[in-house]
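Worksheet: one structure, shown below.
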Amino acid sequence: MSAKHVLISGVVQGVGYRAWLRSRAEALGLSGWVRNRLDGRVEALIAGDIAAVEELIRACRTGPSAARVDRIEEHLDTDPITPGFEQYPTV
């Protein structure tokens, strides 16, 4: 089990990025959450099988077709994770 906190920068809001990420995470059997930030980035916590977590982070480098990802910051996370994947409001 692995958990990573990621911040995604670029043209990532208003392009369906959160819904895309949630759908991909659920398809991979991952848990966590995703939300927009007021600073224009998308933030996510992704947890599950390490290979699936890394696969999703690789996919996040491209994102949905309307997105343009400039940068992804990722850090290991050790907080307890609730099963399932949620899409939260902007913070």
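Placed from the backbone N, Cα and C atoms, the Cβ positions cover glycine too.
Features as listed in Swiss-Prot:
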ACT_SITE  ARG18  active site
ACT_SITE  ASN36  active site
DOMAIN    3-89  domain 'Acylphosphatase-like'
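For the domain 'Acylphosphatase-like' (3-89), the model's pLDDT averages out at 97. The secondary structure of ASN36 (active site), as reduced to three states from DSSP, is extended strand. Cβ-based neighbour count (10 Å, all protein chains) for ASN36 (active site) stands at 19. Mapped onto three states, the DSSP output places ARG18 (active site) in helix.
Break the domain 'Acylphosphatase-like' (3-89) down by DSSP state and the numbers are 22 helix, 34 strand, 31 coil.
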